[in-house]
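Engineer: A single structure is presented below for examination.
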Amino acid sequence: MDAFLQYTVQGLAAGGFYALAALGLAVIFGALGVVNFAHGSFYMLGAVASAVLLDVLGIQFWAALVIVPILMFIFGIIIELLLVQWLLKLDILYNFLLTFGLSLVLVDLVKRQYGVSGLPYELPAGLGGLLQIGSVEVPSYQLFVFLFALAVCLVVWFVLSKTRVGMIVRAATEEPERARALGINVSAWVTPVFGFGVALAGLAGVLAAPFRAITATMGTNFIIILFAIVVIGGLGSVLGAVVAGFLVGLVEAYGQGYAGTFSQVLIFVLMAVVIAVRPAGLFGRKEAV
Amino acid sequence: MIEIHGLSANYGEARVLNDVSLEVHQGEVVTLVGRNGAGKTTMLRSIMGLHRDLSGSISFDGKPIEKWSPNARARAGIGWVPDDRGIYASLTVAENLTLPPVVHKDAWSMEQIHATFPRMRERRSSMGTQLSGGEQQMLAIARVLRMGSRLLLLDEPSEGLAPVIVQRIGEIIREIKAQGVAVLLVEQNVKFASTVADRHYLLSQGRVVEQLSNDDFKAREVELLEHLGM
């Protein structure tokens, strides 16, 4: 039972950054129709940026939690204006090629600069210890990651479902042409939405920095799991991305605890089951298939 | 209000509109009547800026708009009610209504909307596509009125609706007209068209083959029905 609770907290923490990154992927796919293969490298850049900020400028975790997403937002805007906006009128094949190529470039640039061995990162002050819950001790950092990610997801959900900005994004996502005909400048919304999605991936990277190995290739496996999450949750569904993110985090943690090396396979077994039962994913609409 | 000269539109190799000229004045209801595939919907999409493969001139309030984006045209006062009604499934009824910006000082207030379309108040928290077909049609019309559009492009508003609802839509069109709004109505329902319109353009294979006053239109109803294959 004690071990189960520990795996649960560990799974919810991993689920936290899965959920954040998948949320970014879902928002980008929804608003732009772009399947972003570079999302894993944006996550990696978030983690690397935190390590570099600490090493070079002495900027600590708490500040990085704010600074890195802002930097990644700006980076996302640049990428959108420079590269991604040209994809929107082209065949979807080009979007695979461009974002996949972009991720290869980013990974190699980081490798060239920082090598292949992991960059060091310390747990932030105050979150290094263990927290007593009932009879078990869980790492307080993992609990923090879970609660923080959950809070960010709730804020994003609130903005999307209750504000005018969210209303416009939902309309532009569902049927962009119609939104244009109703006087909404959809193109003006696309760039910041992409930047926002990239910032979420970067934020996931910051959260992952203290307890995952920070390497150039850390996003490579991550993106595969992210796609599994998006498929499980339903392509383009924001709620689905968050729920499936936490679900996959838990499956992975229980897998590591009880099934050893089988853990990664379990994620894809879950994906296969979901596709068999609900082809559109847990929260996907039928058109999304 | 809107003047179109020599408009031709293509879908790939196929020419769907051929040298079409028409105009709609303030406070006037004009219909485009024709068979399926005559180019009626393409005409409305071209005015809205959604169909780009075209030549000819379109001027609205005296300004040439053929290079304008759809959102600029909407902001200038053109309101589109598409044939599928264009209601957002992921937005509530109230959100569907308030999504477009208000673009004119004569735009309907929420009170006016609710007085004319009481169901919009009752169902305001429902998701848009949970409404019945007739209610969705009302919502689509209410949406462009709240926006303050000065020219409404209505694409077959009577299609698939019960007679009592079609009658209600007719009343609303007459009310809009009385306020000086122009309406370009695509319609296959000849009876309905003759109850609301001032003039009619008969469209066949992408060309305007005849222009009729409503009196002529009524007098030749049987012949027109035959022409339309209905």
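Each Cβ is built from the backbone N, Cα and C atoms, and glycine gets one as well.
For A:12-34, A:64-86, A:92-110, A:141-160, A:189-211, A:223-251, A:257-277, the entry in TrEMBL reads transmembrane segment.
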Engineer: Can you say which of A:64-86, A:92-110, A:141-160, A:223-251, A:257-277 has the most Cβ pairs under 8 Å with the transmembrane segment (A:189-211)?
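Structural biologist: That would be A:64-86.
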Engineer: Of the listed stretches A:12-34, A:92-110, A:223-251, which one has the most C-beta pairs under 8 A with the transmembrane segment (A:257-277)?
Structural biologist: A:223-251
Engineer: So if I exclude everything within five residues of the ends of the transmembrane segment (A:141-160), which remaining residues of that chain have a CB under 8 angstroms from its CBs? That is, six or more out.
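Structural biologist: Distant contacts of the transmembrane segment (A:141-160): 9-10, 12-13, 15-17, 19-20, 23, 27, 123-124, 127-128, 131, 166, 169-170, 200, 203-204, 207, 210-211, 238-239, 242.
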